[in-house]
Amino acid sequence: MGLFDGLARWLGIKKKEANVLVVGLDNSGKTTIINHFKSEEYKNHDIVPTIGFQVEKFKTKSLSFTAFDMSGQGRYRDLWQAYYRECHGVIFVIDSSDKLRIVVAKDELDALLKHPEVQRKRIPILFFANKMDLRDAVSSVKCSQLMELENIRDKAWHICASNAITGDGLDEGIQWLTDQLKDVLVKK
Amino acid sequence: MSAAETRSGSTEEKSDKWLDAYRDPVASLYTFTQCITLADIQADGDWKLIIADLGTGMFNMKLKVYKGTNLMSENTIIDLPTGVVTFYMDLNEPRTPAIAVASGPYIYIYKNLRPYFKFTLPQIEVNAVEEDLWNQMKESSLNVYVLREMLEGMRADGTPLTVRSLRFLQLQDGADMVAFAEMYKNTPLKKQTVITCLGTMKKSMAEEDAISCLIIGTESKCIYVLDPEAFTVLATMPLPIVPVFLSVTGMFDVEYRIVASCRNGCIYTLKRGTTDTEKSFIELNSQPVGLERIGKTIYVGCMDETLQCFTSKGKKLWTVQVPASITTIEVLDYKTKGFKAVLVALSNCEVHLYKEKYLVDIIKTDSVVTGMRFGRFGREEGALIMTTRGGGLIIKILKRNVVFEERDLTGGPPAAQNVKLNIPKKTKLFVDQTMRERENAVAMHRTFQRDLYLLRLRAAREYAKALDKSMNPISSDPTEPLKLAAQVQGIGPVFKMTVNLQNTSLSQASVNLLITFDFDDKLYNFKKTYIPVPMLVPGLNYAFETFIECLSDKGVSDNVKVYVLKEGKNIPIITGVISMPVSETLVVV
């Protein structure tokens, strides 16, 4: 890292960069969550189902994020693993109102955790129990129970209930992820 | 009950092909495969589960709609439902399909989960005599007992009666009969049929959301095609017997095929423009319990614990014996992988998955599955809905990357059977010979027969001669039952001959016998040419020996005959012919 970069970072002009992978089943709200963090001028007003994946950039106070917004549709889920190598953190979005498919989300999470690229790395995983505003949504505690998150022992994880449309709970989650990522990036 | 609680209570082992999405053993659903369907009834991409619940079988019949695992709406049905389908009846946006529930002689149509229309099947003509009887009843010129007797007579003749008459015949008490007749005699007599099965068929377009006709099978041995917009009967197709399961493909305005399995254990195929149902049908050797179609093959689950497969032309392809009786069958059509198979629910709490005739997967459940539906549910493509005999609801989801072994290891002919043998080409000689045989078959057969007779005659003659001269080693004389066996030992020029004699009678001893030999005295020299035989005790083996010297050194040999004679008789009792071995030349050292 050059001297100039270090100086710029110290002054707060250039921020550290982090790649995060945003995954989850289709219709869980991944793109809407990313949309929330984008600055006002770049915001999308109508969210359509993502095809393949999209790369979005956004900044928080101390980090600059590059988010790989993956498509959650069944036929694109095999794409996820291609990005495991480059990512520093994972955001896993769960539709907490879709009780039927939580088991599918769990299956995909298990596959993610078993992948060798993920296993050998120390990456924080942030879970959003999204759509908490809906009537038949389950609580974040119940959600983590259904996903059997307590069995994840070698990764830092955090779950927070969210509502991507209003933005409730999103900042709290990203704050946790930022703290975790800073640790990871410093140690590198 | 939440999914977590039920899942932890589950005892079954984890399958590598199915995810357990939901399990509620006390959902109190009483339904069958025909009464379960999946559809996007709100056009929001979230497919709902629609179940017509038979309640107790008498009361509490309900049309239930599930959104995910939650019950979204409930509508009371008046009579027992026999089938539920969803279909698009108009071109209005948003594209919401209507739900059709068959019940009694009616089809109830629901749109946006609200009752929308009730269609009544056309009435059947009432038997004139029966109508006349009830008319007389109305005019009070008839006694209830007379009416009962007349109706009973008609029923015995096999005349189909109206529901009113049948109910009347069930009454035992005189007062009840009078009350019943009084109550109903003034209302006109109607005869209605009952719907047995329900299906849908696209009208003129093949799109997923194109307008569909309803196909109705009835107790009056008819199949009706209903127009979805005007609710008029577009076509009526008579069948020889009551249909119970329908499988429909094609489009009404273009070309279609309705396969109906019937109560007589036959499967009839109806095509556009054909009226003759008698011509093409499959006769099953057992009653069908389910009928499904994949492409051009028809799968039938039968009561004799078999799954049978036929071509659409009615040719049987194969039969698979299943380990228990079949409760219902359903097609698994996983479109994203292009995988099609048949799910067979069995009475031993298992669901078997057959890809063609190969068993590829077994799902174990904790109760007997009576209703199944595979399809899109919620946002998930491969969901399997199962209802159990105990009223439970089980939902399983097919894993995204599932791979089914298309062939199981057991069964089937060995590979060697399919290897083609290298058969040489037919030679000219072979062809000529074949031609000759074909042309002269009769003459050849006659020649063969003549030769065979000659051979038999000759054999018979020789046998008679042998008997005559006692030329055989077992005595044919009943007074002297003897067996002779002779053997020659040695390499020459001196041989040793052993003659074994045995009396084969049970109790009679043989006396006054002697052994002598017939030989060429230029070739052989016998040491003893005459052996007197002592009394032969029955059953014992006697051995007599003599040495033979071969006189020739030219390497020739001859036959030697052994005679067993009785004193005072010139015909031998038995004769043994021994062919002598070639003698080794005498080596003088």
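Glycine is no exception: its Cβ is also placed from the backbone N, Cα and C atoms.
Sequence annotations record features per position, and here TrEMBL assigns GTP binding site to A:Gly24, A:Leu25, A:Asp26, A:Asn27, A:Ser28, A:Gly29, A:Lys30, A:Thr31, A:Gly72, A:Asn130, A:Lys131, A:Met132, A:Asp133. What TrEMBL records for A:Thr31, A:Thr50 is Mg(2+) binding site.
The Cβ of A:Thr50 has fewer other Cβ atoms within 10 Å than any other of the binding-site residues A:Ser28, A:Thr31, A:Thr50. The binding-site residues in question are A:Asp26, A:Asp133, and the one with the fewest Cβ neighbours inside 10 Å is A:Asp133. In the structure as shown, the Cβ atom of A:Lys131 (GTP binding site) sits within 10 Å of 23 other Cβ atoms. Those binding-site residues from A:Gly24, A:Thr31, A:Gly72, A:Lys131, A:Asp133 lying by chain B, with Cβ under 8 Å from one of its Cβ atoms: none. Comment: GTP site residues A:Gly24, A:Leu25, A:Asp26, A:Asn27, A:Ser28, A:Gly29, A:Lys30, A:Thr31, A:Gly72, A:Asn130, A:Lys131, A:Met132, A:Asp133; largest CA to CA distance 21 Å, whole number. Residue environment of A:Gly72 (GTP binding site) contains 25 other Cβ atoms, counted within 10 Å of its Cβ in all protein chains. Counted over every protein chain shown, other Cβ atoms within 10 Å are most numerous around A:Lys30 among the binding-site residues A:Gly24, A:Lys30. Taking the C-alpha positions, the distance from A:Thr31 (Mg(2+) binding site) to A:Lys131 (GTP binding site) comes to 13 Å. In three-state terms derived from DSSP, A:Gly24 (GTP binding site) belongs to an extended strand segment. Across the fold, the C-alpha of A:Asp26 (GTP binding site) and the C-alpha of A:Thr50 (Mg(2+) binding site) stand 9 Å from each other.
Secondary structure from DSSP puts A:Lys131 (GTP binding site) in coil.
In this structure, the C-alpha atom of A:Lys131 (GTP binding site) lies 18 angstrom from that of A:Thr50 (Mg(2+) binding site).
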